[in-house]
Amino acid sequence: NVNRAIADYLRSNGYEEAYSTFKKEAEIDMNEEVDKKYAGLLEKKWTSVIRLQKKVMELESKLNEAKEEMTHGGPVGQKRDPKEWIPRPPERYALSGHRAPVTRVIFHPVFSVMVTASEDATIKVWDYEAGDFERTLKGHTDSVQDISFDQTGKLLASCSADMSIKLWDFQGFECIRTMHGHDHNVSSVAIMPNGDHIVSASRDKSIKMWEVATGYCVKTFTGHREWVRMVRPNQDGSLIASCSNDQTVRVWVVASKECKAELREHEHVVECIAWAPDSAHPTIQEATGSESKKSGKPGPFLLSGSRDKTIKMWDVSIGICLMTLVGHDNWVRGLLFHPGGRFILSCADDKTIRIWDYKNKRCMKTLCAHEHFVTSLDFHKTAPYVVTGSVDQTVKVWECR
């Protein structure tokens, strides 16, 4: 067959003598039918070999890179400080079970489980070390938008587009209480650090505070002019931050309900916020040259991520944007500080997770994480794991090293 292809090549390129000699020596009888089949075959094979060779080389270099990461945990060998461990591809587990987009993923503060919320109206519990599904919490009648543990991990709060907030006993996995009071989709919920109050944010433009013991709404914070997307308390629970479709981030004093800061610089809906832990303060001060104030304690500092594709860092005490991180190609949906304080992690509708060395205002790693928008991520406080959730309905667990 190779002979026929060669014969065709010789003839079609006008090497008449070589063609007739070759035909004689190879004992081929060429007829019209056979000729058609072999027309141009040699050149076709030749170009496809080159194309495949290129592909093989690309894959080999990818494989070598992956091997490098496996053995060294990255380019510098085993000496990396755990404070600098970051998620490495590929994911350790890709877990399916949700029947609609995953809206939120969080780690349990104590056990080796994580919890996921979805537009399928369920909350699911998984063992992230074994990659096993454990159980489903059912009760909401519409998309579950956010979930939050108290510091002990005994209570879980959830909120939903069904306009309710539910409190679950995470030891017996039962719903203890359902709270009504918002007039629209409840987009965010967080249990306050002291564990006796819950704060929630809604498309009804309000933020409400609820008493865990009774389920009563004890405070309402008003001021946002549009849908409030997320609400998060600071470490001691004296302040709460919120972000909204009105393109602002607000910081509220819990005791007085007053709005302490209104941060406006984003040019589109602000999707997510995160407070800087104390571990990040030294790096933030190096990065921004912000000297600690007379009072001694720097900050507080807050991150915000927006549909304008940027991440901003704010000094709340003076209401100023300290830096803007640009790199995502689509809406930023989730962000957090690395527990070590030196990096920021974010996820977005460009299907990636990005790790930012914010001291140098650069994106140091991009992971193509999912087949669709990445809606949420969490970093375990003590174990080297990151979890992500996506519109592709999967939850992925990433190991850090």
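Each Cβ is built from the backbone N, Cα and C atoms, and glycine gets one as well.
Taken verbatim from TrEMBL:
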| type | residues | note |
| --- | --- | --- |
| DOMAIN | 3-30 | domain 'PAC1-like LisH-like dimerisation' |
| REPEAT | 95-136 | repeat 'WD' |
| REPEAT | 137-178 | repeat 'WD' |
| REPEAT | 179-220 | repeat 'WD' |
| REPEAT | 221-262 | repeat 'WD' |
| REPEAT | 299-324 | repeat 'WD' |
| REPEAT | 325-366 | repeat 'WD' |
| REPEAT | 367-401 | repeat 'WD' |
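With a threshold of 8 Å between CB atoms, the same-chain residues lying at least 6 positions outside the repeat 'WD' (367-401) that come near it are 73-74, 80, 82, 85-89, 91-96, 98-107, 109, 112, 114, 116, 118, 126, 128, 131, 330-331, 333-336, 338-339, 345-349, 351-355.
The DSSP breakdown of the repeat 'WD' (95-136) into helical (H, G, I), extended (E, B) and coil residues amounts to 0 helix, 25 strand, 17 coil. Beyond the repeat 'WD' (95-136), the same-chain residues lying 6 or more positions past its ends with a Cβ under 8 Å from any Cβ of the stretch are 142-149, 151-153, 156, 158, 160, 162, 168, 170, 173, 372-373, 375-381, 383, 385, 387-397.
Here the repeat 'WD' (137-178) has, by DSSP, the following mix of helix, strand and coil residues: 0 helix, 25 strand, 17 coil.
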